[in-house]
Amino acid sequence: MDHLPIFCQLRDRDCLIVGGGDVAERKARLLLDAGARLTVNALAFIPQFTAWADAGMLTLVEGPFDESLLDTCWLAIAATDDDALNQRVSEAAEARRIFCNVVDAPKAASFIMPSIIDRSPLMVAVSSGGTSPVLARLLREKLESLLPLHLGQVAKYAGQLRGRVKQQFATMGERRRFWEKLFVNDRLAQSLANNDQKAITETTEQLINEPLDHRGEVVLVGAGPGDAGLLTLKGLQQIQQADVVVYDRLVSDDIMNLVRRDADRVFVGKRAGYHCVPQEEINQILLREAQKGKRVVRLKGGDPFIFGRGGEELETLCNAGIPFSVVPGITAASGCSAYSGIPLTHRDYAQSVRLITGHLKTGGELDWENLAAEKQTLVFYMGLNQAATIQQKLIEHGMPGEMPVAIVENGTAVTQRVIDGTLTQLGELAQQMNSPSLIIIGRVVGLRDKLNWFSNH
């Protein structure tokens, strides 16, 4: 280990930055956030330093570097574009046994600045020892995505509860299980973020008073249309906290690779007209796992509330008194159209968009007359097997046969295929495609040749 990671208490302690440019400004922000009593020395300063000085946040010393500025300092940073001056600052600090950071010169410094994830009071520092700052930054960005933004507020609140929790729970094991519940409770985190005192109190009392082996909870998470990069930040956090993940075939392998390694995985894949696991059985799986006290994620392709039967699953949980929440996802219509260069709305061509299921419950019938109207975009989910019927019905109700159409297969994935044509060709085009596919009908499809960015990558 080349460096010892430490966290310094700098509040109301003298610190010095030598340099008045953009790099020095970034370092100054960190020291000011830490509460340091800051002096900045340079021949000239960018406007931000002047603004800080006018606000009484720091002291500016304009002119050449004077070693006496270090006499009362706890810590110094050399952040000029003059290597010789930076070296001089470092040597003067070393002689006084003051830790000094030299920007972009780790060998000349007695300490280095890590990449920081600030969820105060929780702090995470990432460093490559100065050998690869870009790698440290990339790792920090990945860690940022794993730590909820409100985690710091939850940590502060936990500090206020420590005394009560110690009284309530007799053993270390009980206290540990309580804290684990508290830190993954979304309602508490959101209530703290909103400063909703009533909800904070209610949630806290519920967490403290319910048995530690209480029923679990279910989170419906939309996995998006295929590309793992389209999974939301909150969705990622949820699947990495899950004890059980119940997923279907529309969830890509790339997304499943993000699931916590020790989580149980239950595949309930479904296809139009064929259910690997009946919907009622899926409902019971969610209920059964939650009643075991587990944190269950129901992971669905697209958005769980858009043709995902999420509402049906939640009704079962609601009737059984199981807590649940929903994390929306990017629905297939949005993802597939964007990755195909087809805007769903356009001032010249479509003032509305309709999302339509391609198969209905027995006896269901669509309002084809309204669907055949101009100035709108139609998006059919699970409509591949009904493409010929869709073509026939729309033409019968007045939609022009030359209306542009497109079918998107495996939308947003690297295996995405798009085929386009006219409404009179829809049934024939569908025979060339496989599920999962999405059908888009409307004048906006005509923009695809111009706006198709994804295939060019």
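Cβ coordinates come from backbone N, Cα and C, glycine included.
With PRO225, GLY301, GLY302, ASP303, ILE306, THR331, ALA332, MET382 listed by Swiss-Prot as binding S-adenosyl-L-methionine, the candidate from GLY321, GLY398, GLY401, GLY411 annotated for that site turns out to be GLY411.
Using the Cβ center of PRO225, GLY301, GLY302, ASP303, ILE306, THR331, ALA332, MET382, GLY411 for S-adenosyl-L-methionine, the list of other same-chain residues with Cβ within 8 Å runs, in sequence order, GLY224, LEU250, PHE307, GLY308, GLY329, ILE330, ALA333, GLY335, CYS336, TYR381, LEU438. By the criterion of other Cβ atoms within 10 Å of the residue's own Cβ, the least surrounded of the recorded positions ASP22, ASP248 is ASP22.
Burial estimate for the binding-site residues (VAL23, LEU43, ALA44, ALA332): highest at ALA332, by number of other CB atoms within 10 Å.
Confidence in the region 'Precorrin-2 dehydrogenase /sirohydrochlorin ferrochelatase' (4-204), given as mean pLDDT, stands at 91. Within 8 A of the CB centroid of the NAD(+) site residues ASP22, VAL23, LEU43, ALA44, the other residues of that chain are GLY19, GLY20, GLY21, ALA24, ALA42, PHE45, ILE46, ALA79, THR80, ASP81. Taking Cβ-Cβ distances under 8 Å and a sequence gap of 6 or more within the same chain, the neighbours of GLY411 (S-adenosyl-L-methionine binding site) are PRO225, GLY226, ALA332, GLY335, CYS336, TYR339, SER340, PRO436, LEU438. Cβ contacts within 10 Å of ILE306 (S-adenosyl-L-methionine binding site), excluding its own Cβ and spanning all protein chains shown: 18.
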